[in-house]
């Protein structure tokens with residue numbers, strides 16, 4: 001499998017192969033090869049249907065029945081590859097050659113690749129395309145860059161300060177503790193402190209411990225499963241107790257949550273009823289929703305939920321009653337939950353929108369309490385205090 005964007009006789013080409021045939025899309029207009037004109041390129045695919053947009057002119061190609069997943073486990077190359085012999089002969093029209101020119105602001109599945117000297121895994125023969133100390137987007141938050149004899153300086157818009165306009169004026173004198181993030185609140189001309197897991201208080205200077213995690217809507221816990229390498233990923237089990245008064249929420253996301261190809265198992269609420277979604281590799285996620293006729297999940301009482309994945313058979317128990325039993329793929333094409341050993345509870349990292357990350361499957365972060373999380377057949381419950389997270393409070397008492 002591959003996905004390749006190339007330049008052929010002045011035309012942009014997108015080629016990809018999902019395992020059965022190579023699909024080719026070519027832009028209708030030539031690019032300006034004058035070394036001065038910037039072009040905006042958007043390319044990709046949804047299933048086996050491709051699209052290519054150059055400077056606002058869009059072409060698409062409907063896919064026919066066949067493969068729908070891009071199975072690649074290699075590095076992502078920009079501008080060239082470490083050895084041109086690695087390039088599949090069908091990925092380019094002629095003999096492959098490296099790119100000469102400038103590339104900036106690359107987004108893969110809405111995540112920006114930082115094209116710096118230190119962020120990529122590796123590279124060779126790459127220089128600063130701007131030719132000055134300003135480079136591209138050196139000044140953050142719409143700051144303006146000026147070249148100076150000593151390097152560069154940034155002229156910052158109102159509300160931002162720092163060498164690269166990276167700091168909000170509202171956080172310049174913040175009293176947040178060392179284990180906290182300062183979140184500017186421009187409308188209030190103030191800030192709030194987001195406390196790291198194990199800390200609380202207005203300025204995050206009170207150390208806390210808890211067994212019951214209280215989520216307040218902009219909270220999350222990211223737990224790394226230390227036993228992931230030994231798990232039988234064809235059989236997954238997770239259980240927990242929760243209480244909430246919210247009708248929409250994401251409670252659990254087992255998976256990397258980095259891009260659309262990642263496997264996941266998700267548990268949440270939709271319209272006040274339990275919603276479970278699992279993706280073992282097909283990328284077609286079938287939500288399993290509990291019937292609305294039953295007792296509501298958002299009555300602030302404690303509810304016990306267990307989700308079991310046995311290859312493609314999914315069982316969901318709510319308060320020890322079997323409410324969902326379904327085989328999501330009788331053909332058994334994908335049977336393992338490759339979740340990367342990562343479990344999110346309550347939401348994702350600060351600044352990541354639930355609706356965007358879950359591709360619309362869930363709408364909001366969780367507000368309420370979670371306790372007694374158990375993975376697989378482990379005798380010990382998940383030690384939440386050993387995880388990463390922010391804005392999680394002590395929910396052990398009725399508060």
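Glycine too: its Cβ is placed from the backbone N, Cα and C atoms.
TrEMBL entries are annotated by machine, without manual review.
The feature disulfide bond is assigned by TrEMBL to 102-129 (among others).
Taken from TrEMBL, the feature disulfide bond applies to 156-165 (among others).
There are 20 other Cβ atoms within 10 Å of the Cβ belonging to residue 176 (disulfide bond). If you look up TrEMBL, you'll see 176-193 (among others) marked as disulfide bond.
Taking the Cβ of residue 195 (disulfide bond) as centre and 10 Å as the limit, one finds 26 other Cβ atoms among all the protein chains shown. What TrEMBL records for 195-204 (among others) is disulfide bond.
If you look up TrEMBL, you'll see 1-129 (among others) marked as domain 'Laminin G'. Summarised by DSSP class, the composition of the domain 'Laminin G' (1-129) is 3 helix, 42 strand, 84 coil.
If you look up TrEMBL, you'll see 130-166 (among others) marked as domain 'EGF-like'.
Sequence annotations record features per position, and here TrEMBL assigns domain 'EGF-like' to 167-205 (among others).
Sequence annotations record features per position, and here TrEMBL assigns domain 'Laminin G' to 210-399 (among others).
Proximity of distant same-chain residues to the domain 'EGF-like' (130-166), defined by a Cβ-Cβ separation under 8 Å and at least 6 residues beyond the stretch ends, is recorded for 104-105, 172, 184, 186. The Cα atom of residue 195 (disulfide bond) lies nearest to that of 176, taking the disulfide-bonded residues 102, 129, 156, 165, 176 as the candidates. Note on the domain 'EGF-like' (167-205): residues 159-161, 218, 221, 350, 384-385, 387-394 of its chain, located 6 or more positions outside it, place their CB under 8 angstroms from a CB of the stretch.
Counting other CB atoms no more than 10 Å from each candidate's CB, the disulfide-bonded residues 129, 165, 193 peak at 193.
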